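To keep things clear, I will list the structure first and then write my remarks on it.
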Amino acid sequence: MTPRARIDVDLAAIRHNVDTLARLVAPSALMVVVKADAYGHGMLPVARAARTAGAPWLGVATIDEALALRRGGDTGRVLCWLTVPGEDYDTAVREGVDLTAYSLAEIAEIAAAAERTGVPARVQLKVDTGLSRGGAPMAAWPDLVEEACRLEGAGLVHVTGTWSHLANADEPEHPANDAQQAVFEEALAVASDAGLRPEVRHLANSAAAVLRPAARYDLVRCGIAAYGLDPAPGRTPDLGLVPAMSVVARLAMVKALRAGDSVSYGHTWTAEGDTTVGLVPLGYGEGIPRIAGNRAQVWVGGGRRRVRGRVCMDQLVVELGAEPAEAGDEVVVFGPGVHGEPTAQDWAEASDTINYEIVTRIGGRMPRRHLDGGGPT
Ligand SMILES: *Cc1c(COP(=O)(O)O)cnc(C)c1O
């Protein structure tokens, strides 16, 4: 039985995208970012596909995510970058996870874990070059670098990287990109003068990896592009990336409406003429944005159909018009777009958001299936 609704993730697409990006950025190395359950694509299967396609690094936000990769059998380099005081640094150090330190307090906790476990901690230092989010402010950077040098001398840490993150990489002409990169250069000089010789210096996310070759340094951190979505819509050259995720449902019901009939809560849409609508058993309980009511489209019977009225918790209504359709027919909510079906990018535009949010929050009651090209893995 085909389920009511499901998420399909094509691992062949992930491998293709990772391979494409790795070739594009070479000789810089590629980190595939698999945080937030691989942007909704399923962390472990995506991680394996990324490794198979040649990603020497994986990136995650939290220690929990890094340890889940280890439990899943991943033995390669993994960087994580978001902790709060008192986290389980011991396990992360024992498991050879590369940790990021933003502050003296954080590197002290990491060093204490190294002391307890007897394993030198792999640490990367992050500098805030202007995003004003994580990372050491430039004013605190020399002290953090100096302490990292001292701890490295004491054999407690091994400084494997220095890095930062851009605020406007999806707008390549934005002056903040040059400003941030100039600050990053200063920070690298401070680290180098202090004697640090990290394996990798890195600044670029997907958008910068593609659009700003000068920001590639030794390593780029690609999330969204590995999933086949455009990191800078309208600005990215065609790299032949393939969206890996499709969301597919089946019509629960088809019914005729008369002119003047109104649809869904609040009656925000009224049929101008006699028409037919289909009931799609998906709603904001599955992560379909409620704001997409009356704005987004889906694919039924070889054509795009409009969402009519409000998106509810469990269901939404699409207008089929004169097209023949019946209960049980397939509805593609979004997919790679190759047949004309809407994409996650289309849903983002209909929902005043970015493609990242569409794929990352989709889920709810839908099972996820991993495919390899045409068939199940
Ligand atoms: C999520 C994240 C990335 C990946 O960004 P994309 O735009 O998806 O490529 C890179 N670096 C950091 C620090 C991140 O948090």
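These residue numbers are counts, starting from 1, taken along the chain as shown.
In case you wondered, yes, glycine gets a Cβ from its N, Cα and C as well.
The following features are taken from TrEMBL:
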- Lys35: N6-(pyridoxal phosphate)lysine (MOD_RES)
- Lys35: active site, proton acceptor (ACT_SITE)
- Arg133, Met313: substrate binding site (BINDING)
- 244-371: domain 'Alanine racemase C-terminal' (DOMAIN)
- Tyr265: active site, proton acceptor (ACT_SITE)
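With DSSP states grouped into helix (H, G, I), strand (E, B) and coil, the domain 'Alanine racemase C-terminal' (244-371) comes out at 23 helix, 44 strand, 61 coil.
Using a 10 Å Cβ-Cβ cutoff, Arg133 (substrate binding site) registers 11 neighbours. DSSP assigns Arg133 (substrate binding site) to coil, not to a helix or a strand. Put simply, of the recorded positions Lys35, Arg133, Met313, the one whose Cα is nearest the Cα of Tyr265 (active site, proton acceptor) is Met313. In this structure, the CA atom of the residue listed as 'N6-(pyridoxal phosphate)lysine' is 26 Å away from the CA atom of Met313 (substrate binding site). Take the CB of Tyr265 (active site, proton acceptor) and look out to 10 A: across all protein chains shown you find 10 other CB atoms.
The Cβ of Met313 (substrate binding site) lies under 8 Å from the Cβ of Gly283, Tyr284, Gly285, each on the same chain and at least six residues away in sequence. Around the residue listed as 'N6-(pyridoxal phosphate)lysine', a 10 Å sphere centred on its CB holds 19 further CB atoms from the protein chains shown. Under the three-state DSSP scheme, Lys35 (N6-(pyridoxal phosphate)lysine) falls in the helix class. For the domain 'Alanine racemase C-terminal' (244-371), the mean pLDDT of the prediction comes to 97.
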